[in-house]
Each structure stands twice: as C-alpha cells, then as structure tokens.
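Copied over from TrEMBL, here are the features:
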type	residues	note
ACT_SITE	HIS51	active site, GMP-histidine intermediate
BINDING	GLY10, GLY11, ALA12, ARG13, SER14, GLY15, LYS16, SER17, ALA35, THR36, ALA37, GLU63, ASP85	GTP binding site
Amino acid sequence: MEKRTVLLIGGARSGKSSYAEDLARQIGGEVLFVATAEARDEEMQRRIKVHQKSRPTHWHTLEAPCRVGSCISQDDRQINVVVLDCVTLLVNNILCQHMAIHDENVDEKAVETDVKAEVNAIIDCMEKSPATYILVTNEVGEGIIPLGATTRIYRDVLGRANQMLARAVDEVYLMVAGIPLRVKPQG
C-alpha cells in the first residue's frame, strides 16, 4: 500500500482515536502506536487503560510525552504505520514543562518555539520514513475565549501546531460524531 500522511482533527470524543486505529488496521503490517498521554491522575489512568485495551496486542507502543520526533527516529523497527495519539497532549506536556519552571508566568514565544521544534521534528520523521503516519489532534479553537492567559496560550499554540501539521500532510479529516469529513485534499 502507498504511503499516506493523515491528520485527524476534531473535538473531544469525536471518534478520532477509533478512526485512527481503524485506518491502521486497514493498512496492516507493523504498527507503532505513539502515546503522548501521561497518567497524572486516576481519571487519566482509566482513559489510558481503555485506549490500551482497544489496540491489538501485537502493535508496538512507544510512550513519548515529549520529544516525539526524536523518539520515533530512534526506533529501529521496520514499521508500516505510525499512529501518533495525540498532538493535543503533546502540546499540553510542553506547556506543563514551562509551567513547572515559570508557574503561571509562561512565555508564549518560548512555548511556541518548543512546540514548533517538536512539530518540525515530527514532520521530518514523516518525510524521511516510508511508513504511513496517522496523527490525532483536537480542535480547541471553536469554543469560547478562555478566561486564563495560560489556557489562551495553549489554545493558540495548539491551533498553530495543527496548521503546521495540516500543511505538511496529504490528507486531513475533521471528525464529527464518529464520521470523518475530508478537508484535504478537497474534491
């Protein structure tokens, strides 16, 4: 099967992860599932377990809350499909690193610089690899304007990261109620 690069974007519980897993199953071969979630509380631990149970046991899992591009490029397995789930939490993890140092006084440009470097590393992996890439991310910019400065920074930086990825991939699907709506290529 021909290499594809796919971005799945949508709201919470829109079916992004399920569709990503379905696509990976359809393509077949060796699948590397890159998980960016960190189990920081019981609720997140439960979510992670649900996602783990939904994946075939023969898939390879790479837990990479940050430095995703570097982690993928160092993985020497012969992979047919890479599923990155998800960019949303990756950006959150980078923001949390900045917050751990600067508390609420986060420098948006510094966060943006780190996120851009991470996204560029992922794009570089996609370009150099013969594998199909399926990237999962959330659309968080369609709601109300967040009250807190840090939340606004998160929304803005994630939105720009999503734009970078959308430009770099071959296909973009907006997930709505479990239905993939093709955005790119148009037609």
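Glycine is no exception: its Cβ is also placed from the backbone N, Cα and C atoms.
TrEMBL does not curate its annotations; it predicts them automatically.
All features noted in TrEMBL, drawn onto the structure.
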residue: GLY10; record: GTP binding site; Cβ neighbours (10 Å): 22
residue: ALA12; record: GTP binding site; Cβ neighbours (10 Å): 9
residue: SER14; record: GTP binding site; Cβ neighbours (10 Å): 20
residue: LYS16; record: GTP binding site; Cβ neighbours (10 Å): 28
residue: ALA35; record: GTP binding site; Cβ neighbours (10 Å): 20
residue: ALA37; record: GTP binding site; Cβ neighbours (10 Å): 19
residue: HIS51; record: active site, GMP-histidine intermediate; Cβ neighbours (10 Å): 16
residue: ASP85; record: GTP binding site; Cβ neighbours (10 Å): 23
(Q) Between the two most separated Cα atoms in GLY10, GLY11, ALA12, ARG13, SER14, GLY15, LYS16, SER17, ALA35, THR36, ALA37, GLU63, ASP85, the residues recorded as binding GTP, what distance in Å do you get? (A) 23
Q.
For the C-alpha pair, I'd like the distance in angstrom between HIS51 (active site, GMP-histidine intermediate) and ALA35 (GTP binding site), rounded off.
A. 10
